[in-house]
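To start, the structure under review is shown below, and the notes come after it.
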Number of protein chains: 2
Amino acid sequence: MGSVRQRQLKLGAILAGVGTDFSQWRDPELPPNASIDIDWYIQNARLAEEAKFDLVFIVDSPFITPDTAPHFLNRLEPLTLLSALAVSTSHIGLVGTLTTTYWEPYNVARLFGSLDHISKGRAGWNVVTTGLEGASRNYGKDKHLDHALRYRRAEEFVDVVKGLWDSYEDDAFPYDKKNDVFLDKSKQHALNHQGEYLSVAGPLALSRSPQGYPVIFQAGDSNAGRQLGAQIADGTFAAVEDFESAQEYYHDLKTRAKALGRDPASIHVLPGIAPIIAETDEEAREIAVRREGALDIDKKLVALGRAFNYHDFRQYPLDAPFPDTSNLTLNSYKGHAERILRGVNADRLTLRQAAERYGSWRLSFIGSPQTVANEIERWFVGNAADGFNIRVTNPRDFKLFRERVIPILQERGLFRTEYEGTTLRDHLGLSVPENIWTSRKREDSSRADAA
Amino acid sequence: MGSVRQRQLKLGAILAGVGTDFSQWRDPELPPNASIDIDWYIQNARLAEEAKFDLVFIVDSPFITPDTAPHFLNRLEPLTLLSALAVSTSHIGLVGTLTTTYWEPYNVARLFGSLDHISKGRAGWNVVTTGLEGASRNYGKDKHLDHALRYRRAEEFVDVVKGLWDSYEDDAFPYDKKNDVFLDKSKQHALNHQGEYLSVAGPLALSRSPQGYPVIFQAGDSNAGRQLGAQIADGTFAAVEDFESAQEYYHDLKTRAKALGRDPASIHVLPGIAPIIAETDEEAREIAVRREGALDIDKKLVALGRAFNYHDFRQYPLDAPFPDTSNLTLNSYKGHAERILRGVNADRLTLRQAAERYGSWRLSFIGSPQTVANEIERWFVGNAADGFNIRVTNPRDFKLFRERVIPILQERGLFRTEYEGTTLRDHLGLSVPENIWTSRKREDSSRADAA
């Protein structure tokens, strides 16, 4: 494809109900139970589909405290939610987050494989390893797995899940009623995986789904996170701070992928953004300032602490230098914590300044529809992004994005006006991977021919 | 309720695609991919709902071999499937099977709690402990948990899941936008369970669902299975062989429940049946004989072996006495295996005779619509059943059951003509259990008042 047609933006819609920060839920237009209301999700998924988004994206995390932000406190589980969306939409991709640290690969392979069948080829799995150490106690473990081990385990886990998805070759079921042949037994394969962390026999009780494998996303930003993304991901949602850090991330990820023998264009880098849109730039900036002002400093300190495994920064003096964190292990959201510490050290921030900068931190494109479209194009053309994952919690911003920003992008030829395919792989220009057993048979037979 | 209105039959529809035996998939009217086709499930769930069934039921098991029966070989995962059905129907209960042996309670509590939110109060969980030993190797375990331990673990598991469903009191979320109070922190509760098999901190990131707890079903038939059912179940699907064994099971289960301090009427006993219906009894019997004849003896031997952990009975002479099974452990479908051995010993069956009797065994009500309705009434009035779980794989039998049998049951006042409520608890006449923390607070405050 590549050279024939112009490279196209990819857009995701983050459906996070009442929002992953502390202020969004207070918006008068947002139903306060949005995070557990399937009708809210269906409505917004359909709006995103009407606007030709590539996918909806469901965030997740398996640990909360009383101080956790509203959406995380009380929300639908991603796989059940996405299955309900699958039969309520027809084209949009359905991507859910699930941790490799606290699930069994056999169950995960079934859930996403089944979602891909139910959605007729629109499932995606955002692979995470779980940042918050407290999660271990929800799963009978005294200690959260160490950061490096989590990522090694994740790599093996995804391999195993793909192996299970290959349990049946594409033509394994002749469905021959006359001769009583339901299954061609030679085309059912046990995986018999025995690895460093996992041992899984198989076969999975599920034929290959329309996409072969559901699409793999990944969001880690530490060194190990980037390496995993370069190895396994068809797309990444990693957080970036600004245009320059996004360019660095983009270049680094594609370079790593190329070094692993992959086509860099087959990994889609989609930073998350929270656009704030109004008729004029000035009006949009006023809205941004007003929203920021609604957040008290305590909530910003809690949000800041999340990157450090919910370390409670409320215990320190606000206007003193940022506290010494050298005895906090970075076993949580390591990439994010490292980015905060780099900023703190570079600009010698006080705790208050750090909380103001990072405690309500999000990448906002702020301005008129024209300004936001320009910024999107600048990032896209400047190799800082292949597209964006858009926060849609604020109904007004989402409406303006769909009705005012997207038409500009379409006019410029940067974004589709109609879906050209029906699967998420179609939208992302990804082919269906061949079943590994079929490949082996083909290779064996061509070797035999050559001999 | 009880005395005011006539006791009502409860009906479930078993949606098992191409069927859990070896012959059903060959029916010319049945699409051979029914087990993985969400449209087949939606269509049949809607037909069951139009007929006012209480629930649809999804069987499951996490282990297959090349010899497994067609539906089990290749099927949708129950929770994703039921979530898709939840938004495609409005009243019918949605019950799925999930094993306590190979899942994490935190994940299970989320999945079923979320399904109950998505379905607006129609979720049910059929608790099983997994019969087939081979499952262990799909989950990194060398050995399947021993039968008795599986049941003790299951009891603790269900307790933990219920505890997680109670993480929030009903009024935990004031949603006070003006005063910035999303959560009343005093009404979020960590479970901090430390038990024999499980250790789970909580809280779950999900508010109580419309039913408080999704409805609990159970299907075990061994001594341990019946005891677990009596303790935890709102309904049971245990297999029974005939009217007499059904009466024995019914009486035993209700007696056990009473001994545990429960109201016996709060457990619904729903045997599974596979009605074969035609205009006349004779015609129905002919259909039954024809279907039976389509099965070869090898498939019956495989089906027989399933109760003995897929022991391969094809290795023994067919017309010799039933082989010595004393060195087969009964760690699989123990209740079913014991029932087969009782029959074998009582009637001194050869292997062929045992395979003919149990290898395609199912409880069939065979006859005209009138005959089938009479038989249903006899079981219901005779305290052998509170209702039935109907196999709907054969499109013709299902149609006749809905259009010809159900109207007779309705005329006799045995079955509803309209839904009176919207939740599965409504249909089964079960109240919403109070949150345990709310109960404790109420008890504490009444003790304080008394002091």
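Any Cβ shown, glycine's included, is placed from N, Cα and C.
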Worksheet item: Looking at TrEMBL, which one out of A:S207, A:S209, A:S222 binds FMN in the same site as A:D60, A:T97, A:H147, A:Y151?
Response: A:S222
Worksheet item: How many other Cβ atoms are found within 10 Å of the Cβ atom of A:Y151 (FMN binding site), counting all protein chains shown?
Response: 23
Worksheet entry | Packing count at A:T97 (FMN binding site) (other Cβ atoms within 10 Å of its Cβ) | 21
Worksheet item: For the FMN site made of A:D60, A:T97, A:H147, A:Y151, A:S222, how many Å separate the two farthest Cα atoms?
Response: 19
Worksheet item: According to DSSP, which of helix, strand or coil covers A:H147 (FMN binding site)?
Response: helix
